[in-house]
Every structure is written in structure tokens, then in C-alpha cells.
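**Student:** Just passing along the structure, written as C-alpha cells.
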Amino acid sequence: MARPKPAAKPRSTKLTHTVDDFEAAFWPDEHPVDNAVVMTMGALHEGHAALIRAARRQVGRDGRVAVTVFVNPLQFGPNEDLDRYPRTLAADVRLAEENGADVVFAPLPEEVYPNGEPLVRLTAGPMGERFEGASRPGHFDGMLTVVAKLLHITDPDYAFFGEKDAQQLAVIQRMVADLDFDVEIVGVPTVREPDGLALSSRNRYLSEAEREQALALSGALFAGRDAGAQGPAAVRAAAAEVLKAADGVELDYLALIDPHDFVEAPDDFQGEAVLAVAAKVGATRLIDNVRIIVR
Ligand SMILES: Nc1ncnc2c1ncn2[C@@H]1O[C@H](COP(=O)(O)OP(=O)(O)OP(=O)(O)O)[C@@H](O)[C@H]1O
Ligand SMILES: CC(C)(CO)[C@@H](O)C(=O)[O-]
Ligand code: BAL
């Protein structure tokens, strides 16, 4: 009779804070195995868990998965939430472990920027000046600069990013292509609450009433997606109508985007597009998007 298989040995995830300790933990021997990184700003939730699980599936049981946890000051504007951004490292390490990470790299800013703020930075160019970039000047340059640094430190075969930050994913893909980074960028679909709200670390800022009001973002995107067969104008109108009727939502932008070069889709656009929204609910700025087929 076949003996029952022993339960898989739980992985024990190593928490590291310095580049040296990270490298020793992530590259423990000379056997080359596939490896992957999931970059985060911490306050991990099920959206991050989906990225870590996708990374584990990609590299297999014997591959290595790193999760970085770093709230990058360079990508925050002067009036943004850098100081109050949620920091929950102990819980983050547990979530990383439960979802198959080998190593968590949680450096201090001094470790990432030992010479202070970098004088030389990457720029996202025009792709980083629209939509999120228009509302958050310098955000994508700061984000790309740290992503490039973390790619150099972790040196992965694969790096996983969420489609929830669609413009970020597009800009990173463009950086890797334009500057010949030797890594495969993998996008992971947005994880939502059962009622449609996209998971986000910033959802913790919302009161119960604001949490309800925030459903207008995904509601607008789903209404736009349902109008996809009637063309771009109908998509925009259907989504705008939901937002107009919503209480407590201060719209920043609603855009139908051609994912190639991430520009506003022309009125005769057909094909796969990204419908994106950004809005303030109370004091909290949220973003969301869906992929839609426009005909
Ligand atoms: N709901 C989600 N589904 C899939 N991926 C997600 C989701 N939320 C975040 N991610 C991805 O996780 C990675 C780390 O994101 P980050 O730590 O900024 O989390 P976040 O929840 O987006 O935080 P914030 O609220 O600050 O925007 C990014 O690649 C991001 O796109
Ligand atoms: C990619 C990233 C970790 C860079 O700081 C951040 O922008 C995020 O969490 O999406
Ligand atoms: N989630 C994208 C990173 C940021 O908002 O700064």
C-alpha cells in the first residue's frame, strides 16, 4: 500500500535588511536555479500574495523567490502620504512566507541610497508624464530609479508586478525593453474584494462610509467595460455616468488608454484598451483600471 506523502515542509522565510545579507540568503549556493522578485512597499494583502504565488509557480519548488519591502521616498511627492504610509513588517514576512517566498529584503533608505538622494536618475519620459504622472510629477522617475536599483541588487530572471498599477507596469516594461535589462517582466491580474474594490494598501485609510463610496471606481470601470461593443465614446460615457452619480468621490481622471505607448485612445479606437480611473475618496487617493475590448 502506498504510504501517504509527507506534508510539504513549510518554507522558512529569511528577513534581511542589508544588501550583503540579502545576497547571502538569496544566492546561498552555486547551483543556478530560476529566481524571481516581487517588489512591494509593504502592508501586504492578497494582491501581493497573488504576485508571490505567481512567482513561486514560475520558478518551481526549487527556484528562489524574493519579496522586497521598501517605501521609496523618491516616488512620493511633497504633499503625499510617505510619512503615514502603513508599515507592517512582521505581518508582511508572515504573508510572504505563507505564499512561498524564500527571502524578504526590507532595507532602510540609507541602505538603498547610501550617498543620499541619487543625483543620477532614470526618467520615464513622456509615458511618465500622462495620467498618474500628470497628477504625481516625478513619481515614475523615482519609481523607475528604485526598480532599476532593486533589479540590480536582486538580479532575477523574472520580476512580477500587478496590473492594478497599469501605467507602472507599462513604464517598467518599456524601461526593460529600451535599456536591455536582462529580466522578464510578468504582469498579474488585479485581485478584488468580492464587491469589486481593488485591493490596495491605501484602502486601510478608508472609513466604512468611504469604503462604500470607493466602490464607484470599480463600478464605473465595469460599466465602461460592458459598453465596449459600442465604441470609445460609449465606454467613456457609461463610466462617467457612474462617477457623476457617486457621493464623496473627487475625480482626478477617467481615461480610455491605448496600452501601446499608454496614450489616450482615439475616438475610432478598436481593440484591447485599458480603462483607468483615479479619484480621491475623502483624503485617500485611489487608482483602478480594467482591460476591455473596444469595437
Ligand atoms: N489588488 C492587487 N492585485 C494585484 N496586484 C496588486 C494589487 N495591489 C497591488 N498590487 C501590486 O503589488 C505590487 C506592490 O504594490 P504596492 O506595495 O504599492 O501595493 P498597493 O496595494 O498598490 O499599494 P498602494 O495602495 O500604495 O498603491 C505592485 O506591482 C502592485 O501593482
Ligand atoms: C514597484 C514599487 C515597489 C517601487 O517602489 C512600487 O511602486 C509599488 O509598490 O508598486
Ligand atoms: N502602488 C504604486 C506605488 C505608489 O503609489 O507610490
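Heads up, residue numbers simply count up from 1 along the chain you see.
Yeah, the Cβs are placed from backbone N, Cα and C, and that goes for glycine too.
Quick paste of what TrEMBL says about this protein:
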BINDING   41-48, 162-165, Val191, 199-202  ATP binding site
ACT_SITE  His48  active site, proton donor
BINDING   Gln75, Gln168  (R)-pantoate binding site
BINDING   Gln75  beta-alanine binding site
**Student:** Around ligand 1, within a Cβ distance of under 6 Å, which of the recorded positions Met41, Leu44, His48, Gln75, Ser201 show up?
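**Tutor:** By the Cβ criterion, which requires under 6 Å to ligand 1, the hits are Met41, His48, Ser201.
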**Student:** Report the nearest neighbour of Val191 (ATP binding site) in space among the recorded positions His48, Gln75, Gln168, comparing Cα positions.
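**Tutor:** Looking at Cα distances from Val191 (ATP binding site), the smallest one goes to His48.
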**Student:** If we check Cα distances from Gln75 ((R)-pantoate binding site), which of the recorded positions Met41, Leu44, His48, Glu163, Ser201 wins as closest?
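**Tutor:** Comparing Cα positions, the closest of these recorded positions turns out to be Met41.
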**Student:** Running a distance check here. Ligand 2 versus the recorded positions Leu44, Gly47, His48: which have CB less than 6 Å from one of its atoms?
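**Tutor:** Checked recorded positions vs ligand 2; nothing flagged, none.
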**Student:** Fewest other CB within 10 angstroms, which one of the binding-site residues Gln75, Gln168, Ser201?
**Tutor:** Ser201
**Student:** Please list the binding-site residues from Gln75, Glu163, Val191 whose Cβ falls under 6 Å of any atom in ligand 3.
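**Tutor:** The binding-site residues passing the 6 Å Cβ test are Gln75.
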**Student:** Can you give me the same-chain residues 6 or more apart in sequence from His48 (active site, proton donor) with a CB-CB distance under 8 Å?
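**Tutor:** Those within reach of His48 (active site, proton donor), by Cβ under 8 Å and sequence separation of 6 or more, are Val38, Thr40, Val67, Leu95.
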**Student:** For the binding-site residues listed here, Met41, Leu44, Val191, which shows the highest count of neighbouring CB atoms within 10 A?
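**Tutor:** Selected residue: Leu44.
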**Student:** State the count of C-beta atoms found within 10 angstroms of the C-beta of Glu163 (ATP binding site), not counting that atom itself.
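**Tutor:** For Glu163 (ATP binding site), the count of other Cβ atoms within 10 Å is 19.
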**Student:** Taking only same-chain residues 6+ apart in sequence, whose CB is under 8 Å from that of Gly47 (ATP binding site), what do you get?
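**Tutor:** The list for Gly47 (ATP binding site) reads Gly162, Lys164, Thr190, Val191, Ala198, Leu199, Ser200, given in order along the sequence.
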**Student:** Whole-number Å distance between the CA of Met41 (ATP binding site) and the CA of Gln168 ((R)-pantoate binding site)?
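**Tutor:** For Met41 (ATP binding site) versus Gln168 ((R)-pantoate binding site), the Cα atoms are 14 Å apart.
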**Student:** Going by DSSP, is Leu44 (ATP binding site) part of a helix, a strand, or coil?
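**Tutor:** Where Leu44 (ATP binding site) sits, the three-state DSSP reduction gives coil.
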